[in-house]
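Encoded as structure tokens, the structure appears first; notes follow it.
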Amino acid sequence: MSERLSITPLGPYIGAQISGADLTRPLSDNQFEQLYHAVLRHQVVFLRDQAITPQQQRALAQRFGELHIHPVYPHAEGVDEIIVLDTHNDNPPDNDNWHTDVTFIETPPAGAILAAKELPSTGGDTLWTSGIAAYEALSVPFRQLLSGLRAEHDFRKSFPEYKYRKTEEEHQRWREAVAKNPPLLHPVVRTHPVSGKQALFVNEGFTTRIVDVSEKESEALLSFLFAHITKPEFQVRWRWQPNDIAIWDNRVTQHYANADYLPQRRIMHRATILGDKPFYRAG
């Protein structure tokens, strides 16, 4: 069997489909290296027909780095590093915005691996957008304005208290998460630690304000940036099939899960790979 992976770009800026890998078995070092560099280059990659268990998903994710355990979402049985995103009428989707995962911590995730376990008959697509392409499309004066600015990211923006009052145990878990994750600052423009490329690093899910400018200026800048980053030309859209896998670079992308499938059910498993502290370095 050939060790060579087939990598087909899905657009000029972001996204590729990969075939020739069996993720139910450990990848060879050669194949993992190809996969790793494909994620760096294309920012999100997709593989079909990968019926992996939570344990196998964890093992694959651990080859990319140390894993994050989410403070609120439920975990797969016996595998704390795999969160279960089970959405249906009694538990509707709660992240109906474009976001980068877990930017409310000092070292936001470097990436994530998402596995489709149960899908609606139609709908439930996920879209990703490229912060690199969005940054490179800006004029030079506007890039200069943004470079060096810092923005606040707040856990509570996507996890407000009212959503976690069903039980006292749930509310207590939320309070503990808030105490452990106070608002913090990240650069508005982030330098990728491996490629050196610059990317916009603000997202509607967690970014609350730009601290180096006035309140009105912050509102205007964030309103523009949220709209600009999510322009269709910077996006790729994936129509899920059972046992599909998506792997993305969380440092330079945002994503949006379409909530158009209720009352049907959608179950996804996610492993989240820890990253490093965001920084900006002039190119």
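Using N, Cα and C of the backbone, Cβ positions are placed for all residues, glycine too.
When other Cβ atoms within 10 Å of the Cβ of V102 (taurine binding site) are tallied across all protein chains shown, the result is 23. The taurine binding site annotation in Swiss-Prot covers H70, Y73, N95, V102, R270.
As annotated by Swiss-Prot, Fe cation binding site applies to H99, D101, H255. Cβ neighbours within 10 Å of H99 (Fe cation binding site), excluding its own Cβ and spanning all shown chains: 19.
What Swiss-Prot records for T126, H255, R266, R270 is 2-oxoglutarate binding site, and it gives experimental evidence as the kind of evidence. A strand conformation is recorded for T126 (2-oxoglutarate binding site) in the three-state DSSP classification. Remark: T126 (2-oxoglutarate binding site) has L114, R237, W238, W240, A246, H255, Y256, A257, N258 as non-local neighbours, by Cβ distance under 8 Å and separation of at least 6 in sequence.
Positions annotated as 3-hydroxytryptophan by Swiss-Prot: W128 (among others). Long-range Cβ proximity for W128 (3-hydroxytryptophan), meaning a same-chain Cβ under 8 A and a gap of 6 or more residues, is found for I14, G15, Q43, V44, Q235, V236, W238, W248, T253, Q254, H255.
In three-state terms derived from DSSP, W240 (3-hydroxytryptophan) belongs to neither a helical nor a strand segment and is classed as coil. Positions annotated as 3-hydroxytryptophan by Swiss-Prot, on the basis of experimental evidence: W240 (among others).
The 3-hydroxytryptophan annotation in Swiss-Prot covers W248 (among others), and the record cites experimental evidence as its basis.
Shown in sequence order, L85, L114, A246, A257, M268 are the same-chain residues outside T126, H255, R266, R270 whose Cβ sits within 8 Å of the Cβ centre of the 2-oxoglutarate site. For the binding-site residues listed here (H70, H255, R266, R270), the lowest count of other CB atoms within 10 A around the CB belongs to H70. The two recorded residues R266 (2-oxoglutarate binding site) and V102 (taurine binding site) have their Cα atoms spaced 21 Å from each other. Looking at H99 (Fe cation binding site) and R270 (taurine binding site), their Cα atoms lie 15 Å from each other.
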